[in-house]
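Have a look at the structure below, then the notes.
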Amino acid sequence: MKVTVVRSGGFAGIEQRAESDSARDPVLARLVDRVDLERVPPPGRIPDQFLYEIDIDGDRTTVGEAQLHGPLRELVHHVLGHAR
Amino acid sequence: MRCHIVPPHMLERIATDAGDPALRARARRTLALTSAHSSERRTLAPTAPEPNEDFVPNRTIHDAEHRERLPGRTVRAEGAPATGDKVVDQSYDWLGVTFDFFEAAYRRNSIDGAGLPLVSTVHYGDDYDNAFWNGEQMVYGDGDGVLFTEFTGPLDVTGHELTHGITQYTAGLEYYSQPGALNESVSDVFGSLIKQWHLDQTADQADWLIGAGLLAEGVRGIALRSLKAPGTAYDDPRLGKDPQPGHMDHYVDTYRDNGGVHINSGIPNHAFYLAATSIGGHAWEKAGRVWYDTLTGGRLESDSDFKRFAAATIATATDLYGADGTETRAIREAWNGVGVSP
């Protein structure tokens with residue numbers, strides 16, 4: 001599955017984007033299995049917080065950094081980490 | 001596809017009118033979470049202070065020790081001596097300067113106008129490239145050292161975050177789309193004015209930059225934003241190019257970043273710069289006074305767009321300087337200059 005993460009917001013307002021394919025990334029494949037985008041809480045509107053848009057094969061949600069926990073957090077940092 | 005970044009007025013409609021009960025419940029939950037942060041807003045003006053009363057800050061600095069838990073360990077309370085930790089002491093000092101600015105320039109007693117304690121958490125997260133106001137306190141990362149240095153470094157970053165608190169307690173500008181870009185812009189405007197006041201600069205001497213000194217060595221850029229020349233602060237292979245427009249012709253439509261709040265803020269930012277430099281002198285005294293009175297005077301609605309904000313600044317300027325005053329004319333021309341016709 002194709003996973004895309006876009007970070008927006010933050011004081012700097014600089015967007016970061018990365019994508020990866022679970023077919024070639026076994027760590028990502030395991031994380032995708034543990035994530036349920038339907039159960040992500042709404043991001044709220046905290047000034048200057050980071051917002052993460054996560055797209056897994058067309059299923060997309062946006063989460064605020066204050067709500068980014070557990071496997072979803074691991075997935076976000078795994079995908080964005082590969083971008084550096 | 002689902003997307004949480006929906007304007008509040010749309011959420012309200014979904015919460016009441018949507019056919020799908022799950023959708024209605026979801027919209028209600030989002031609204032509840034959003035409004036939790038504006039619940040601290042004061043609807044009644046605090047009691048007017050005595051004319052000669054000296055306001056004193058009540059600062060507390062916490063250390064998150066590189067975790068993401070708030071508030072963290074208390075490391076410096078008001079009146080305590082310097083700790084020797086550069087980041088802790090810098091945050092303490094900049095909170096003091098920001099507090100003093102609002103007292104000296106506008107007779108405001110802290111964020112809420114009633115002496116609210118100022119709380120900062122520093123050393124937040126690991127290589128954390130951000131600072132934010134969470135509705136109750138300020139939070140600062142140390143930066144990753146490669147792209148960004150410590151967010152406690154520049155005075156205008158602290159001024160920007162603390163002004164988010166003032167906006168929350170006054171106009172309550174919604175953090176989405178144009179009202180969100182105005183929320184960001186007033187934080188940049190007062191962030192810059194605090195630095196100008198601290199350095200005793202006139203409008204023509206100021207650098208009008210936000211985040212000067214925040215970019216690590218080797219990054220191609222001078223700051224994160226420029227009120228003088230939006231879109232020119234940085235152009236770096238790793239960070240990309242400063243995306244800010246300085247005119248409505250280049251307004252950016254996006255749902256990311258709460259509808260481009262950090263991008264389109266360039267337009268009202270530049271309007272302030274044009275007004276302040278046209279008026280001349282200390283920018284916080286006249287243009288800053290007009291923006292401050294507009295933000296805190298009860299005239300501005302929380303969902304104001306650029307046009308309504310512009311009209312409110314002109315109405316405030318008319319009260320202060322008359323409809324034909326040079327200041328009022330400068331502000332009217334400044335909004336025309338960025339393509340906003342009130």
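Cβ atoms are placed via backbone N, Cα and C, with glycine included.
The active site annotation in TrEMBL covers B:GLU161. Annotated active site, proton donor per TrEMBL: B:HIS262, in sequence order. Here TrEMBL flags B:60-71 as compositional bias 'Basic and acidic residues'. The annotation domain 'Protealysin N-terminal propeptide' is assigned in TrEMBL to B:3-31. As annotated by TrEMBL, domain 'Peptidase M4' applies to B:86-168. Per TrEMBL, the feature domain 'Peptidase M4 C-terminal' maps to B:171-340. Sequence annotations record features per position, and here TrEMBL assigns region 'Disordered' to B:34-81.
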Neighbour count (Cβ, 10 Å) for the residue listed as 'active site' | 27
If you measure between the CA atoms of B:GLU161 (active site) and the residue listed as 'active site, proton donor' and round to the nearest Å, you get 13
Would you mind splitting the domain 'Peptidase M4' (B:86-168) into helix, strand and coil residue counts from DSSP?
-> 35 helix, 12 strand, 36 coil
Using Cβ-Cβ distances, find the residues under 8 Å from B:HIS262 (active site, proton donor) that belong to the same chain and are at least 6 apart in sequence, listing them in sequence order.
-> B:GLU184
